[in-house]
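Participant: To start, I am sharing the structure in question, which I have written as structure tokens.
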Protein chains: 2
Amino acid sequence: MQTIFEIDSALDMHLHLRDGDMLKLVGPLTSETFSGALIMPNLVPPVTTKEAMLSYKQRIQEACSEDKFTPHLTLFFQNNYSYEFLEDIKDEIIGIKLYPAGITTNSETGVASMDVEVLRPTLESMSKLGIPLCIHGETNGFVMDREKEFMPIYESIAQAFPDLKIIMEHITTKDAVELLDKYDNLYATVTLHHLLITLDDMAGGMLKPHLFCKPIAKRPEDRDALLNAALKAHPKLMFGSDSAPHPKHKKECCGCAAGVFTSPIALQALTQLFEENDSLENLNAFVSLNARRIYNLNPVSKKVKLVKKDFIVPTTYNFKGESVVPMYAGEVLNWTIQAIED
Amino acid sequence: MQTIFEIDSALDMHLHLRDGDMLKLVGPLTSETFSGALIMPNLVPPVTTKEAMLSYKQRIQEACSEDKFTPHLTLFFQNNYSYEFLEDIKDEIIGIKLYPAGITTNSETGVASMDVEVLRPTLESMSKLGIPLCIHGETNGFVMDREKEFMPIYESIAQAFPDLKIIMEHITTKDAVELLDKYDNLYATVTLHHLLITLDDMAGGMLKPHLFCKPIAKRPEDRDALLNAALKAHPKLMFGSDSAPHPKHKKECCGCAAGVFTSPIALQALTQLFEENDSLENLNAFVSLNARRIYNLNPVSKKVKLVKKDFIVPTTYNFKGESVVPMYAGEVLNWTIQAIED
């Protein structure tokens with residue numbers, strides 16, 4: 001007898017697809033199994049115009065060559081977006097992503113100040129137009145404190161714009177989990193890897209460059225808080241892989257690039273994690289239903305059938321000159337994708 | 001007019017010289033400028049017999065080919081050392097180094113239990129014979145808490161053996177600095193890199209494998225406490241570089257080896273650091289006098305004259321097939337060694 005689990009129309013609410021050959025490599029690895037994904041706009045240059053956004057969307061659709069996958073595009077936040085511009089673009093995007101300047105990969109042109117009054121014009125327009133705000137919430141403080149130090153900024157925006165949907169992206173701390181319950185208009189995404197690892201896994205034994213990510217994985221009590229919220233499918237928490245491919249050599253031979261590549265193994269690993277914690281009944285809420293409700297999405301139907309059988313994770317995924325190393329490279333997960341159906 | 005500073009008979013009270021070609025590469029880089037060094041015994045296999053110790057000492061002396069440098073050998077702690085063995089070897093060694101099993105490079109055969117009663121026979125002999133105990137003080141807990149969690153173990157040994165000199169090796173936390181003042185028989189070494197960096201420098205921006213070390217660099221308040229204690233030349237604190245060479249490829253292409261290589265740049269960098277903090281008058285105490293007093297050493301005279309002039313740190317140091325990358329590789333320090341005199 002086989003043990004089967006079915007995921008219905010999975011959504012990845014925080015995804016990096018990059019561009020060019022890398023997009024052609026990683027795009028299909030998401031679109032094969034997910035019904036939709038929220039696509040990050042931190043290209044070089046960042047996606048700040050309608051033309052750039054629509055052109056990027058087209059490149060994604062071509063790369064994914066998959067009619068059963070919807071890329072939900074975002075804009076890169078800027079202080080000077082006019083109401084008219086936002087009104088014109090609002091039906092084409094799912095949200096706007098705000099980066100403090102220089103805080104992560106390709107965020108150099110992010111906002112220099114997180115002062116609510118500085119951000120007010122754009123945020124007011126977004127609030128009126130019902131455009132969600134996705135935030136990379138880190139200060140430039142000590143690496144283990146950056147998210148915690150950002151909490152008052154989340155609070156100030158949540159208070160100042162009670163009608164604005166604010167998504168705390170890739171949360172990594174107990175503090176962020178607790179903040180979810182304090183403001184009606186605060187939501188969050190959490191990655192697979194932050195449910196699994198702490199700083200120990202990256203730097204406690206040998207150094208593991210492939211587990212180096214931003215925000216950095218935190219303390220055991222933080223990981224436990226995130227995992228508990230995910231396992232019970234906290235209604236304001238969504239899965240967002242933050243799957244961030246970097247060329248293999250950039251991860252290994254200078255050890256510099258931040259990001260964990262999880263797209264092709266996320267559903268298998270999540271199923272294993274939820275099963276191990278007797279929470280499989282909540283996995284569809286975490287990986288699909290919560291996002292549908294929060295973002296008002298009606299994804300195309302795609303049923304991923306997983307069977308409890310060993311899956312040996314490939315050591316790399318390759319396309320032309322690009323090569324990326326996934327999380328669990330060469331290791332064994334105990335759930336395998338058996339079939340994908342309408 | 002040139003600004004000159006003189007360091008008189010520098011001592012490195014925590015040094016890894018390895019063996020073979022690596023010893024031949026790194027040995028002279030210490031013996032050129034230091035008068036003596038406490039040599040760590042974590043070879044493969046570890047140094048646990050008189051024969052192994054004397055043979056290693058001879059290889060060090062040959063590699064260093066320097067009559068003005070004294071390698072002070074240590075034994076790798078084992079629970080089964082007899083009083084007679086220790087009595088016989090005591091004049092040949094400067095101390096015994098205790099590693100919890102598996103806590104760092106080549107420490108697999110360290111002690112499995114840090115219980116005082118388990119350690120008592122050997123520690124009692126050491127106490128009677130006046131052999132100092134050097135400890136790598138980390139638990140196997142969460143990487144940022146390992147040293148802090150070890151504090152009660154230091155306390156239990158300090159209390160149980162009031163006549164035993166205990167050196168907390170390469171301390172990295174405010175807690176350890178504070179413990180120095182609580183027990184008469186507790187001393188410590190601190191590295192150059194732990195006076196300079198926090199976890200931020202290793203993982204706050206790009207990942208820097210060359211700054212990955214054990215114990216891992218901690219929080220800003222920890223670094224500040226260590227630096228303050230060093231700058232005032234706390235009388236129970238000694239310089240111990242923990243300079244730990246690993247082949248270049250092991251640091252970069254799998255990013256796995258822990259250790260920062262500082263021997264050839266330590267005196268220049270310390271002079272810069274102490275000068276920047278208006279504490280040059282305390283540098284000789286930190287880097288020599290404290291160790292002489294604590295270990296009752298009378299080092300051969302070696303005066304290192306540093307001049308305030310740019311020193312471009314080599315990107316690698318090489319010997320035969322070995323290549324190691326120093327801290328500050330390719331960067332500029334503002335003190336240069338001008339002359340070394342008797």
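Just so it is clear, glycine is given a Cβ too, placed from its N, Cα and C backbone atoms.
As listed in TrEMBL for this protein:
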type: BINDING; residues: B:H14, B:H16, B:K97, B:D242; note: Zn(2+) 1 binding site
type: BINDING; residues: B:H16, B:L17, B:R18, B:N42, B:H136, B:H246, B:A258; note: substrate binding site
type: BINDING; residues: B:K97, B:H136, B:H170; note: Zn(2+) 2 binding site
type: MOD_RES; residues: B:K97; note: N6-carboxylysine
type: DOMAIN; residues: B:113-297; note: domain 'Amidohydrolase-related'
type: ACT_SITE; residues: B:D242; note: active site
Participant: Distance check, please: Cα of B:A258 (substrate binding site) against Cα of B:H170 (Zn(2+) 2 binding site), rounded to an integer number of angstrom.
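Facilitator: Approximately 14 Å lies between the Cα of B:A258 (substrate binding site) and that of B:H170 (Zn(2+) 2 binding site).
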Participant: If the substrate binders are B:H16, B:L17, B:R18, B:N42, B:H136, B:H246, B:A258 per the record, what's the largest distance between their Cα atoms, in Å?
Facilitator: 19
Participant: Measure from the Cα of B:H16 (Zn(2+) 1 binding site) to the Cα of every one of the binding-site residues B:N42, B:H136, B:H170, B:H246, then give the nearest.
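Facilitator: Given the candidates B:N42, B:H136, B:H170, B:H246, the nearest one is B:N42.
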Participant: Going by C-alpha positions, which of the binding-site residues (B:K97, B:H170, B:D242) is nearest B:L17 (substrate binding site)?
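Facilitator: Nearest by Cα distance to B:L17 (substrate binding site): B:D242.
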Participant: Taking the Cα atoms as reference points, how far is B:R18 (substrate binding site) from B:D242 (Zn(2+) 1 binding site) in Å?
Facilitator: 12
Participant: Check each of B:D242, B:H246, B:A258 (the binding-site residues) against chain A and write down, in sequence order, those whose C-beta lies under 8 A from a C-beta there; write 'none' if there are none.
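Facilitator: The answer, in sequence order, is B:A258.
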Participant: Suppose the Zn(2+) 1 site is B:H14, B:H16, B:K97, B:D242. Which further residues of the same chain have a Cβ inside 8 angstroms of that site's Cβ centroid?
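Facilitator: Apart from B:H14, B:H16, B:K97, B:D242, the close residues are B:L15, B:L38, B:I39, B:M40, B:N42, B:C134, B:E169, B:H170, B:T189, B:G240, B:S241, B:A244.
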Participant: Please report the Cα separation of B:H14 (Zn(2+) 1 binding site) and B:H170 (Zn(2+) 2 binding site) in Å, rounded to an integer.
Facilitator: 8
Participant: Quick one: which residues besides B:K97, B:H136, B:H170 have a Cβ within 8 Å of the Zn(2+) 2 site's Cβ centroid, in sequence order?
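Facilitator: My list of surrounding residues reads B:H14, B:M40, B:L98, B:Y99, B:T104, B:C134, B:I135, B:G137, B:E169, B:D242.
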Participant: Go through the binding-site residues B:N42, B:H136, B:H170 and tell me which ones have a CA within 10 A of the CA of B:D242 (Zn(2+) 1 binding site).
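Facilitator: Cα filter at 10 Å returns B:H170.
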Participant: In angstrom units, rounded to an integer, how far apart are the Cα atoms of B:N42 (substrate binding site) and B:K97 (Zn(2+) 1 binding site)?
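Facilitator: Computed Cα spacing between B:N42 (substrate binding site) and B:K97 (Zn(2+) 1 binding site) is 9 Å.
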Participant: Indicate whether B:H14 (Zn(2+) 1 binding site) is helix, strand or coil by DSSP.
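Facilitator: In three-state terms, B:H14 (Zn(2+) 1 binding site) counts as strand.
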Participant: Tell me which of the binding-site residues B:L17, B:A258 sits in the most Cβ-dense spot, judged by other Cβ atoms within 10 Å.
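Facilitator: Max Cβ neighbours within 10 Å, all protein chains included: B:L17.
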Participant: Going by Cα-Cα distance, pick out whichever of the binding-site residues B:H136, B:H170, B:H246 is nearest to B:K97 (Zn(2+) 1 binding site).
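Facilitator: Of all the candidates listed, B:H136 is nearest in space.
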